[in-house]
Amino acid sequence: MSTTEKASFINEPIIQKLLLLVGVYVFSIIAVLFVESYFNKRYVVQIQEKIQNQEQKQKIDGFLRENILHLQLNFNRYASVVDPNDLSAIQKNINDLISRSHTYLDILEKGGIVSVVRNVNLPNQDEITEIIEYQPDPSEELIPQVSELKPKLNELKALSNKNAAHLTNLLYLTQTDKTALAKLANDYAAQSTEMFKHIMQLEHIISFSINKQVVYLNNSNINMVRQYNRYKYGSLAFFFLVIMAITAWLIRQVHHLIEKRKQAEANSRKLLLAVEQSPVAIIIADTQGNLEYVNRGFENSSGYSKEEAMAINRPFFLSPEVDNRFLDHVWQTLQEGRNWTGQLSNHRKDGTLFWEKVMISPVFNDNYAISNYIAIKEDVTEVKTLTESLRTSNETMRTITENLPVGVLIVNTDGEIIQFNKSAIKQMGFTSMDEARPMLQGQPAERFFVTTRQDDYTDPVSGVVVITKEEQLTVKENNIYREVLKNTIPVKLNNTNVFLEAFMDITAQKEIQKKEAESNKAKSEFLANMSHEIQTPMNGIIGATDLLTQTRLSREQQNIISIINKSGQNLLNIINDILDFSKIEAGKMKIESYPFNILSTINYLIEQMSFKSDQKGIHLISAVSETIPPIVVGDESRLIQILVNLVGNSVKFTAQGEVVIRAEVIQQMGNHITLHFAIEDSGIGIPQDKIEKIFESFTQADGSTTRKYGGTGLGTSISKMLVELMGGKIWCESPNPNFSWSKDSPGSVFHFNLPFTIEKYDAEWEQRSERFKDVMALLVDNHKTNLLLGKKILNNWGVRTCEANDEKTALEILQQYPDINLLMVDTILLEKKDFSLLIEIGQRFPKLKFIIISSDSKVSTSGSIANDHYVLQRPLKQNTLFNALDKLFAREVNKQMEMDEELFLKNIQGKRILLAEDNVINQKIAEKMLSRLGLTTIIAHNGQEAIDRIVHQGELYDLIFMDIQMPVLNGLDATRQLRSLGVGLPIVAMTANALQGDRDICINAGMDDYVGKPVKMSDLTAVLMKWLRA
């Protein structure tokens, strides 16, 4: 293995990790051995030496004890000695033993070496010599008994000498003298015994101290070994854990490296597959440009196989037609380490020409030297062809744009002008391109155009958002302005997002529109003023007829008054239409928002329109979807106005058949809902060529229609305006799909959609449910649909229900359920038309109330039924049914209300009313109505006169009726002045403008309430009860 290979091997990350692991193992072993050796040297060897030294000391002590015992034996031999020679031997032994004991004591005290000869019974040896060395430990305390024992031994030696001398003399004396000396020897023996006793005590203490030190050292050694073992095993455990942790970390690192290498190998395979399967041609060449690798994309684009390409071996397989200077430029760029990119033509194997986009990049090795080149070649023949086609198309488009009769600007995303045509510079006041270019090129378009109106819409075919603007163009000549209509659409120019703005001069059309608008405004103001002027005498006519109806009149007079009243109401409706039309055109119509019930609204409409439909024999049908929420928020009064106009037209133009009012939900998002209304009829229909004009003002299908049916032609026009004001859409279709087969009565359908919001809380329906919670009704009808409809209506109002299909079943249910307090029966089921069955039931169940339903308008009970009852006609209307239930089960409340009203009218007699009104007729009508209620009326002809009477003259009044439009000082300003002066009287407006917006103006001016003109007696009474009671 070469040096480079060894270095590469060692630099491998996995090998480095393994070497690190081996190093950790070796370090751990060395660390453990070091700890072991250090402990042995530092602690174990030292303490072993101390123990060994103490054991030597213990041996010397043993020899000392052995000597003392021998001394005691020799002393004891004194008593039995008979031979002088033996006596000398004993004395010599004693002296030797004492001398040796001193030696032992000196070693015990100061240390030293002693040789001890021991007799042995060995074949070749009779004795052995044991050398004992003891060195005192400086840290060890001296044994004081060693020092005490030396003088005792000396005393013992002296005693021995004395005893030996006496015994020697004793051997040579007479028997008498021997007795005296023997006595003396016995004394010496007694003294030696005491001395030996004391010496042995000291020796025992010495021996105990030495043994104690030996035991202490042994215990210390044991403890030290135990502590060492703890340290050693702890260290081993620590090193083991460290090694395991490092091993685990290294294993993870190795695993991570292996995974990375696998991932790199997988990525390399993916890269190789991606390169091989890439749709673009990829070439790898050496530093001389010779091919080393080509992919499948190269084979597909060039037609050459890999082997053929290698054999041809052109530099980067560029076209052979490329000249040498170009190749030198490419080589210079690449050798400088830069990329080269360009588009070149080349030839396939079959000789066909194609264009390719070529990018050649150098590949650097680890030493940052170029090792190879990679070339990526993409076939761009189609793009090249498309670019040429687009360039030609742009040239054609530029030619067309230059010659368009409308002005065209190309504006970039920053709003700067980058191109323009001849018509544009002409409309902008320039005479030539040379004059316009420095003034327009790169300038913001908004410098010349000011937007006055803008609309956006999406083209249904292309999906492009087109912006339509009306703008003012500042013309260079005299800085005059021109009105232009401009369309702006996003386009691409040379692959850049720009806007194409096409505009044309509409100054002349705007002037015409302005004049028409001024004319229409003048007409609307005239109509509004005329309508108000007409309403004033109409108020007098209708008020007077209302008063006359309350007087004693003959039948003929009543008929005449009825005709006058009806004609006046019709005329008032026409005037109201004109007033509404003029308000809408003048932009003064306001749409209100408040909660109401759609079903109740349509039922109210049917109730109001049923008189006309019944006269003509037309069925007026309500078809309201159950999915419509109970309460919605919107302008109910305008909805009613739209429906009255459309339903009125349908009734007017229908001779026979039916008019159906449909309502359903078509869209709901959160609490926003869109309702679809349709008024279907079986009338004369509308010709196809007249449908578009049906919503135009003052227009009907043809002139004969006006002559035959009457009307102003404003109904549909006002309905359209109101629908659009409310954010909806209206349209018409004719013939009616249900009657398209009929030539004489094809019918028509008026559709409109309106948005509303949903009101979750329904207080009115809660009150209805509470009002009839104690009512239990029995419905008797053999018509399944009628039963289902009746049951559903009653259940919605909180009424409990049960049903029967015939008289017999009804009687059985009444007997079975005594809680039933309402019987609702259709006259078709009654076998006898004289109500005898109901009379009988009423007698059996006195508390039972009846609602009798009949299709015959002439049916009457003529008072034959004693129980409370109502007769209702089909088609059954919910409002009519509700009112009947309300009167049947709330009669006591109604009676109390009637008594309250009578008491109120009695209490207000003689109260003073100030009437501020400038019109004499209206003064008389109002004064007459108030006098009938027993009130005293004082007239003020304008607002200033009213202020003078109250403030300056100090007149006292209980209530003020204030007209709005009066000379000198109008009602609103008069009210403001009165309030500013601290007048707190109730002030009620009397105005013909009973719209919510007009009412709000009155309230904001300081008025307390309002009553609409023409004033009706019932409305006047209600207002008086409200404010005079307070």
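A Cβ is built for glycine as well, from the same backbone N, Cα and C atoms used for every other residue.
TrEMBL annotations: computationally assigned, not manually curated.
Feature annotation from TrEMBL assigns transmembrane segment to 14-35, 233-251. Residues or ranges marked as domain 'PAS' in TrEMBL: 267-337, 393-434. What TrEMBL records for 338-392 is domain 'PAC'. Per TrEMBL, the feature domain 'Histidine kinase' maps to 529-758. Positions annotated as domain 'Response regulatory' by TrEMBL: 776-889, 912-1028. Residues annotated as 4-aspartylphosphate in TrEMBL: Asp826, Asp963.
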Residues of the parent chain within Cβ reach of the transmembrane segment (233-251), under 8 Å, 6 or more residues beyond its termini: 17-18, 20-21, 24-25, 28, 31-32, 35
Helix, strand and coil counts within the domain 'PAS' (393-434) (DSSP): 18 helix, 11 strand, 13 coil
For the domain 'Histidine kinase' (529-758), the mean pLDDT of the predicted model: 78
Composition by DSSP (helix, strand, coil) of residues within the domain 'PAS' (267-337): 40 helix, 9 strand, 22 coil
The domain 'PAC' (338-392), counted residue by residue under DSSP: helix, strand, coil: 12 helix, 30 strand, 13 coil
